[in-house]
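Report on the following structure.
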Amino acid sequence: MKINCTIILFVFAMMVGVMVTLSSNSILMMWVGLELTMISFIPLMTVDGSSGGESSMKYFIIQSVSSCMLVMSILLMLMLMITDYMMVMSLCIKVGLAPFHNWIMSMVDGLSYLMTFMLLSIMKISPIFIISFTNFNFMLLIMITLIIGSISGLNQNSIRKLMSYSSIYNLGFVFSGVYLNSIWSVYLIVYSLILMMIIYLLMNLNVNYLNQFIFNSFNIKEKMNLWICMLSLGGMPPTLGFFNKIIIFETMILYNEYMLLMIMVSSSLLIMFFYMRMSLISMMIFSLCMKWNLYVSSYVSYILLVLNLLMFPLFILMKSVN
């Protein structure tokens, strides 16, 4: 993406929309922040490719329908009617929580990796923040999200769809934090950081499908970075992603939610399988890279390794202090 004044303007407006939602104490102002974020994100989707126009139109239609539902629920709320279900459903559609996730799969292949990162991380902040103020019981939706996110990604060849199903799966953990405690923000921040590392690597490697990993010319540093980031996203100790999951697991035990904990652990095994499939294919199968081609591409590689491996003990220390 070539940076120009228009892109800077829309990115700035998108971040302002997020900040308006986070800093408002009125549901109407939160809705204004949501709409500002959406209107600013749509032009960015069309920057990097011709297929972005179709994806932006799908995104606009889905978000418009959910916004109408949200406004209707706000109006009914002002009339003192019970509208929790309509409000929660509209926000779940906006964030792509299962079973309202199919619109993400239909548009994600038309987006660039940078827009995919924004869709799967930044665009989820405002709806989840509003959802955190509701008293809705998300237990059934969390279970459905964990199961769909972990199973549906097993037969995917598109890396963008894999990342999307991974995002849906991690939404189950985020909503567990919303449902039981206020720790969802920590989980979402750490997940977004790990996702940003993986998106950066995939952009540099210029791969879009799993079969492109089979015949590759990646050097060993690039493969190790991808492997460590995938381990971190899957929650393998002692990486940064393990800190995320262990906090949610401890919260499940604290609130005696053993059924949900069992589903989380079981689905984590499936998630780790297709993370490892992506990284191990590039490392072990039919590599065209010469064994002596071990040069370091950039110092960002070291930064990725340090963030994933050394941040975990720091978080453990912070947790023990608290």
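Every residue, even glycine, has its Cβ placed from backbone N, Cα and C.
TrEMBL: automatically predicted annotations, no manual curation.
The transmembrane segment feature in TrEMBL is assigned to 5-22, 59-79, 136-155, 162-180, 186-205, 226-247, 259-278, 299-318. Annotated domain 'NADH:quinone oxidoreductase/Mrp antiporter transmembrane' per TrEMBL: 79-269, in sequence order.
For the transmembrane segment (136-155), the list of distant contacts is 84-85, 88, 92, 97-99, 101, 161-162, 165-172, 175-176, 178-179, 257, 260, 263-264, 267-268, 270-271, 273-274: same-chain residues at least six beyond its ends, Cβ to Cβ under 8 Å. The stretches the transmembrane segment (259-278) and the transmembrane segment (162-180) meet in space: the count of Cβ pairs below 8 angstroms, excluding pairs fewer than 6 apart in sequence, reaches at least three.
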